[in-house]
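**Q** This is the structure, below, for whatever I ask next.
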Amino acid sequence: MSIPRELSVASGSKSISPKPSVYDYITLLKPRVMLLVVFTALVGLIVSPVSINPLYGFLAILCIAVGGGGAGALNMWYDADIDAVMERTKSRPIPAGKISSRKAFIFGMVLSILSVLIMGSFVNWFAALFLAFTIFFYIVVYTIWLKRRTPQNIVIGGAAGAFPPMIGWAAATGTVNIESFLLFLIIFMWTPPHFWSLSLFSSLDYDAAGIPMMPNVRGEHSTKKQILFYTILMAICAAGPFIIGFAGVFYGIFSTVLSIIFIHFAYRLWKSNTYDATILMAKKTFFFSLFYLAAIFGILLIEFFVWCFIIL
């Protein structure tokens, strides 16, 4: 079941404010998601084998941030009807009546187009086209096509959130390779455990909005089993940079420890057999997943700077 697109956002929200605030527009950008996008893109750009002019590097990261923000605004524009239904999202600017759908759409389109044009004009067109494809994938493939149709929405659509380190890499090198693809795979495999653990303690919200998340469609047991499965795949991918010699021993040790802890949480979630235990472990798994991804990419960055210092 999905909420009809014809459903007026105003039907469950306040009247549109005459003057949206700067904060309202910032909220449209999904700033917390943008931080993750910017950080992983920055790591991809810095650890690539080619040094980029700092000014062009700054422009590249700015374009990725602006493009990600534009995509976030377009996502909120399209999902305004279901955002109005969900407790977690009904205070967003459009369902709350702070910004009109039309303004949000124009805002998102302008940011998305500008980010691609500036990236292409000042950095390189390969990275710009990669950025354009990522925005398209997030809005059209994930938001419009998959999100309301299949419980695999997160698995396939998660690619959009995994592309930023490859875009950062492409901004510096003008191409992509196996190392950048490994960075993509880490985030791609991380996405299902992250979002499905969230959906386990937010299933009523998703059910009310008619979004076919895994717990609502396949059930709690299947969801927990798949969280464990994808966590193991993610751990294997996280070991990849060390295995191929892209990352050193420092990364290898710490990424292994972090992956074991993540698998431990996912295993305990899978074995939980009461409602309270499931909710508790789902929350622990979700919040650890946030730390895990930041730590994995942070370790890569720290190790890179340590090696630079040693070489100098």
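Even glycines carry a Cβ here, placed using N, Cα and C.
The annotation transmembrane segment is assigned in Swiss-Prot to 33-53, 54-74, 105-125, 126-146, 154-174, 181-201, 243-263, 291-311 on the grounds of sequence analysis.
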**Q** Using a Cβ-Cβ cut-off of under 8 Å, list the residues of the same chain that are 6+ residues beyond the ends of the transmembrane segment (126-146) and lie near it.
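**A** Result: 60, 63-64, 67, 70-71, 74-75, 78-79, 112, 115-117, 119-120, 152-153, 156-157, 159-161, 163-164, 166-167, 170-171, 174-176.
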**Q** For the transmembrane segment (154-174), find every same-chain residue at least 6 residues outside the stretch whose CB is under 8 Å from a CB in it, and list them.
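**A** Answer is 33, 36-38, 40-46, 48-52, 56-57, 60-61, 64, 68, 71, 119, 123-124, 126-127, 130-131, 133-134, 137-138, 141-143, 146-147, 180-181, 183-188, 191-192, 195-196, 213-214, 297.
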**Q** Where else in the chain does the transmembrane segment (54-74) make close Cβ contacts, counting only residues six or more beyond its ends and a cut-off under 8 Å?
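**A** Residues packing against the transmembrane segment (54-74) from afar: 28-31, 33-34, 37-38, 41-42, 45, 104-105, 107-116, 118-119, 122-123, 127-128, 131, 134-135, 138-139, 143, 160, 164, 167-168, 171-172.
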**Q** Any residues 6+ beyond the ends of the transmembrane segment (33-53) with a Cβ under 8 Å from its own?
**A** 60-61, 64-65, 68-69, 72, 161, 164-169, 171-174, 179-180, 183, 187, 293-294, 297, 300-301, 304
**Q** Which bits of the chain, at least 6 residues beyond where the transmembrane segment (181-201) starts or stops, bring a Cβ under 8 A of a Cβ in it?
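**A** For the transmembrane segment (181-201), the far contacts come to 40, 43-44, 154-155, 158-159, 161-166, 169, 213-216, 220, 223-224, 226-227, 230-231, 233-234, 237-238, 240-241, 244, 246, 262, 266, 269, 278-279, 282-283, 285-286, 289-290, 292-293, 296-297.
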